[in-house]
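Trainee: Below, the features straight out of Swiss-Prot:
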| type | residues | note |
| --- | --- | --- |
| BINDING | 128-183 | ATP binding site |
| BINDING | Asp252, Glu269 | Mg(2+) 1 binding site |
| BINDING | Glu269, Asn271 | Mg(2+) 2 binding site |
| DOMAIN | 102-302 | domain 'ATP-grasp' |
Amino acid sequence: MSSKHVAVLLGGFSSERPVSLSSGTACADALEGEGYRVTRVDVGHDVAAVLQELRPDVVFNALHGPFGEDGTIQGILEYLEIPYTHSGVLASALAMDKAQAKHVAKAAGIPVAEAVVMDRRSFGNQHPMKPPYVVKPVREGSSFGVVIVKEDQSHPPQVITSSDWRYGDRIMVERYVAGREFTCGVMGDVALGVTEIIPQGHAFYDYDSKYVKGGSKHVIPAQVSPNIYQKIQTLALKAHQAIGCRGVSRSDFRFDDRGDGEGELIWLEINTQPGMTPTSLVPEMAQHAGLRFGEFLRWMVEDASCLR
């Protein structure tokens, strides 16, 4: 039994709060099962004071979205000198900004789709690029605010310029890549197995596909050629290293194999705070590699540090 005191950060105040509560609760329960002394911290604006009073040995970061995975909480933990899991300040901030992460990935030789970044308020009656394309908020997760513009749409969707839009003014317009969706986790300096994600009843891997029971089917190991499987693993590890991630990350890909030849493999984005319930993608990959959920979390706790 470990004598370490682990504070699990969960909840928070981003749009991904429900996801974080699920991840954090699952992690806290599993870590208690591994013998750690666990305190659950539902994060508010007083989190620094709460942690100063608790003085845990390690913080397990189960937050998602802005504040939790954009370098903000990581900076607080560095200042408090409390070791923590997942990526550090710079990598977290960089990965949270889809446009900047794409620049770094492209510079590292990772294939990406063409994209432009713009202010949503300048989204007029003309398409910013030839459809089909995807509109993504630059700094959101869980597919919040993602809009697919199809080939036959004569005008851009009005929802993007609507006053009801809640996902920030900076958006990225990216060429739509047809085909299959794959994802690959990285644990330290090792790429885990590749999973194919098959949305059930949805056009793409949206919020419901990710979090509603039966919303998607996960196939691991992915049924794809050995060459493409290995290439996905290589690119996931390369993205993890280029962006400077630590601990665990997950990269998402699209693979269009409809034409002649091997097909087009495109890196979409990296997630430095992937979902952490037993049925989430990365824990499934760890299980495929022979690690129980609790063992996987134990590795993350023992890997925790400052100056990440």
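The backbone N, Cα and C atoms fix where each Cβ goes, glycine too.
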Trainee: Tell me which of the binding-site residues Ser163, Asn271 sits in the most Cβ-dense spot, judged by other Cβ atoms within 10 Å.
Mentor: Asn271
Trainee: Please work out the mean pLDDT for the residues of the domain 'ATP-grasp' (102-302).
Mentor: 87
Trainee: When DSSP is mapped onto helix/strand/coil, what comes out for Val149 (ATP binding site)?
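Mentor: Reduced to three states, the DSSP call for Val149 (ATP binding site) is strand.
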Trainee: What is the Cβ neighbour count of Val177 (ATP binding site) at a 10 Å cut-off, with all protein chains included?
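Mentor: Around the Cβ of Val177 (ATP binding site), 20 other Cβ atoms lie within 10 Å.
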Trainee: If you measure Asp252 (Mg(2+) 1 binding site) to Val135 (ATP binding site) at Cα, how many Å is it?
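Mentor: Asp252 (Mg(2+) 1 binding site) to Val135 (ATP binding site), Cα-Cα distance: 16 Å.
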Trainee: For each of the binding-site residues (Pro128, Pro156), count the other CB atoms lying within 10 A of its CB, then report the residue with the highest count.
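Mentor: Per the Cβ count within 10 Å, the most buried is Pro156.
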Trainee: Inside 10 Å of the Cβ of Val149 (ATP binding site), count up the other Cβ atoms and send me the figure.
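Mentor: Looking across every protein chain shown, the total is 20.
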Trainee: Let me check the 10 A CB neighbour count of Glu269 (Mg(2+) 1 binding site). How many other CB atoms are there?
Mentor: 20
Trainee: With every protein chain in view, what's the tally of Cβ atoms within 10 Å of the Cβ of Asp252 (Mg(2+) 1 binding site), excluding that atom itself?
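Mentor: Asp252 (Mg(2+) 1 binding site) is surrounded by 20 other Cβ atoms within 10 Å.
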Trainee: Taking 10 A as the limit, how many CB atoms besides its own sit near the CB of Arg170 (ATP binding site)?
Mentor: 15
